[in-house]
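The following features are taken from TrEMBL:
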| type | residues | note |
| --- | --- | --- |
| DOMAIN | 8-42 | domain 'SAP' |
Amino acid sequence: KWDCTMKFDELKVEQLKKKLAKLDLPTAGNKVELQKRLMEEFKRLGQDIDSHDFDEKDELQMSVRTLQAAWT
């Protein structure tokens, strides 16, 4: 089985922007600013970004959680 998971610190700028866009967050800034924005969102959602594996399935789950949070 091919493993396509990544850790937060392995994400490149384009990947960070993609994840932020999926969460309807601003995508402007340098890598450090993008990382900070994503970390703050994970903290707001009560998730541990350091132990989180990023993959395509995860992006869908994060989008669903964001929508659920918006409706509650």
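The count begins at 1 with the first shown residue.
A Cβ is built for glycine as well, from the same backbone N, Cα and C atoms used for every other residue.
Mean pLDDT of the predicted structure over the domain 'SAP' (8-42): 91.
Under DSSP, the residues of the domain 'SAP' (8-42) split into helix, strand and coil as follows: 25 helix, 0 strand, 10 coil.
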